[in-house]
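The next block holds one structure in the form of C-alpha cells; read it before the comments.
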Amino acid sequence: MAAGLRKRGRYGSAAQAVGLCRQWLHRAWQERRLLLREPRYTLLVAACLCLAEVGITFWVIHRVAYTEIDWKAYMAQVEGVINGTYDYTQLQGDTGPLVYPAGFVYIFMGLYYATGRGTDIRMAQHIFAVLYLATLLLVFLIYHQTCKVPPFVFFFMCCASYRVHSIFVLRLFNDPVAMVLLFLSINLLLAQRWGWGCCCFSLAISVKMNVLLFAPGLLFLLLTQFGFRGALPKLGICAGLQVALGLPFLLENPIGYLSRSFDLGRQFLFRWTVNWRFLPEALFLHRAFHLALLAAHLTLLLLFALCRWHSTGESILSLLRDPSKRKVPPQPLTPNQIVSTLFTSNFIGICFSRSLHYQFYVWYFHTLPYLLWATPARWLTHLLRLLVLGLIELSWNTYPSTSCSSAALHVCHAVILLQLWLGPQPFPKSTQHSKKAH
C-alpha cells in the first residue's frame, strides 16, 4: 500500500510538472508575437536554438569537408612537451613556433590524448561541437541576465553564421577554447564570484592572449567594486595562475617562454588580414602604423573610462580609494554595467587591431548583438542594426578579403562605436544626484 502511495505521488508530481509546462507553452503561443521581441523570453528561444544547433552542427561535421590549418601544428607542439622539451624556443609545429601560453599546452595535451595523439579528427570535431554548444549556453545566460536584446536577434547569432561554425568544427582553432573560458568568467562575475571569475579570466588568457582586450574593462570594474587595495587579491589570482601554469617552462627558459607566449610585437602577414586590405602592404607592416593604432586604442579606452564608465562626479583617481571612503559610495554593479564595460573594452581593441585573421571573428562575434541592441538609439532601427550585422558577416566571409570588404568592416565598427558613445551611460549619474538629494 505504501508503495502504491509512493507511485501515485510520483505520478501526481509528474502530471503537475507536465501541466505547468503545457500552461507555459500555451501562454507562450498566445504571446507568440512578443516571443521574438521581449527579452524575458530569451531562455525559451535559446533552448529552441540550441536544439536546432545540435542538428546543424552535426550536419556541418558530416557533410562539409574538414580543412587542416593549425591542428597538426598544435599536436606537434604539444607532442614536443610530452617528449620532455620545456624550452619554448625549441617547440615547433608545421606552421611555426609555439606562440601561446602554457594553458594552451595543457588543454591541447588533453585533446592530444582524447583524439588518439591528434589523429582522430572526427573525435576532435565532436569535442569542438560540444565546446560550441557550451559557448552558446554561456552566452545566452549572459543575455538572459542583461535582458536587453530581443530574442529574434539570436537566430542571426546562431544558425546564420557559416564562418563561426567553420572556426569551431571545421578548423579546430584554439580561439574558441579561450572564448568559452572567457564567457564562463563573465558568468561568474555576474554571479558576484569575483575570485573565481578572475581565475577563469586568467585561464582564458593562458590559452590565447586576445582575452587581454577585455582586461582594461575588468580592471575598471575591480577598482569600482573594491578599490585599489581590494582589487589587489583578485589581480594576484590572475598573476599567480599565470606563474603556476608556466612554471615548468619558466624554470627551463624564462626569457624564451615570456618572449614567445606573450609576444605583443609579433608581425602578421598581409595576405591574411581581414581589416586592412585597402592599405599598401608597406604601410601595413610599418612600425609607425602599429604605434598609431596603439595610441588610438589607448586614447579611446581612456575617453570611455573618463566619460562613459566613470560618472560619479569625482576624479577617476577616486577609484583607487576604499569604496567606503568615497564621497559617493558605489552601488553593487548591475549585470549591464559589467557586460557593457567588458564587451566595449574588447570591441575597442578589435577596432584598432593591427590585423584580424579569419579565426579572430569569434573574439567578438557573440558580443555584437549586445553592442548593437543594448544601447537604445532612434537613428539606428532594427533593420539598420541587422544590416550592420549582415555586412560584418559578409566581410568576414569574403575570402580573400578585398579593399571593399575591409572598408565595410571598418564602417560597421564605426557605427557601433558611435552608438556606444552617444547612447545612455551604463553607469548613470542619477545615482549620485539622488544620494546627494537624500
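Just so it is clear, glycine is given a Cβ too, placed from its N, Cα and C backbone atoms.
Automatic prediction, not curation, is the source of TrEMBL annotations.
Straight from TrEMBL, the features:
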- 41-61: transmembrane segment (TRANSMEM)
- 98-115: transmembrane segment (TRANSMEM)
- 127-146: transmembrane segment (TRANSMEM)
- 177-195: transmembrane segment (TRANSMEM)
- 201-223: transmembrane segment (TRANSMEM)
- 288-307: transmembrane segment (TRANSMEM)
- 360-379: transmembrane segment (TRANSMEM)
Which listed range (98-115, 201-223, 360-379) shows the maximal number of Cβ pairs under 8 Å with respect to the transmembrane segment (127-146)?
360-379
For the transmembrane segment (41-61), sequence-distant contacts whose Cβ falls under 8 Å of one of its Cβ atoms, 6 or more beyond its ends:
28, 34-35, 122, 125-126, 129, 132-133, 136-137, 140, 143-144, 147, 149, 151-152, 154-155, 158-159, 165-166, 168-170
Tertiary contacts of the transmembrane segment (288-307) (same chain, 6+ residues out, Cβ under 8 Å):
216, 220, 265, 279, 316, 344-345, 348-349, 351-354, 417, 420-421
Which sequence-distant residues neighbour the transmembrane segment (98-115)? Criterion: at least 6 residues beyond either end, Cβ under 8 Å.
74-75, 77-82, 88, 91-92, 121, 123-124, 127, 174, 177, 203-209, 242, 245-246, 248-249, 257, 260-263, 266
